[in-house]
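Enquirer: Structure in structure tokens, see below.
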Amino acid sequence: MSIVQQILQIYTLRRSPKDIAYHPPAALLLFFVAIALSTIHLSKTPIFYFPTLASASLLAVGVSIDFLILKIHNKANRFVQMTTASLGIACLTTIILIIATNVKELTLPAFVAQLWGFYLAIIILRDALECSFIKSLLITIAAYLVSASFMINLFLDVDAFKVLQAQSMAELQQTTEQIKAQ
């Protein structure tokens, strides 16, 4: 069975993340595919400097955090499988987000896809560490916060973010006024 099929089975909860094939080249390929997809997604919302560098850095930080967590728990031998599963899920989620940024009606499904990706990240970590859901949840939240702070501090274009935020608020206000008028 191909790695893509295995990732789709993990995404639909028909396969445990720990059962994904050990295939280092697939993990490496998924790393570069994830960078490309993330670059496309970040380019759609120009609030980050250097989208390709930001994508590569974010993924490198995420993979490094995963390795560090596994190493601390003496489970580093599960790194390739965990990375393959995590990057595969990240690729699927990013594809959904790219599609959703082009179709306004898909905002809610995109949000649900992000939540689902977060839930799967917790499940992948739980299986890799063989720990409780709560411990996996807390570690995943901490890892996401570290990654987000890294991205914000190094790559966020604050001025572009303020403009985007003002546009979003104007759209929200316009939608609210339209609803009141009806």
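Even glycines carry a Cβ here, placed using N, Cα and C.
As listed in TrEMBL for this protein:
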TRANSMEM  20-42  transmembrane segment
TRANSMEM  48-70  transmembrane segment
TRANSMEM  82-100  transmembrane segment
TRANSMEM  106-125  transmembrane segment
TRANSMEM  137-156  transmembrane segment
Enquirer: For the transmembrane segment (82-100) and the transmembrane segment (20-42), check the count of CB pairs under 8 Å (sequence separation 6 or more) and say whether it reaches 3 or more.
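Expert: Between the transmembrane segment (20-42) and the transmembrane segment (82-100), which are separate recorded stretches, there is contact, as judged by 3 or more close Cβ pairs.
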Enquirer: Find the member of 20-42, 106-125, 137-156 that has more C-beta pairs under 8 Å to the transmembrane segment (48-70) than any other listed stretch.
Expert: 137-156
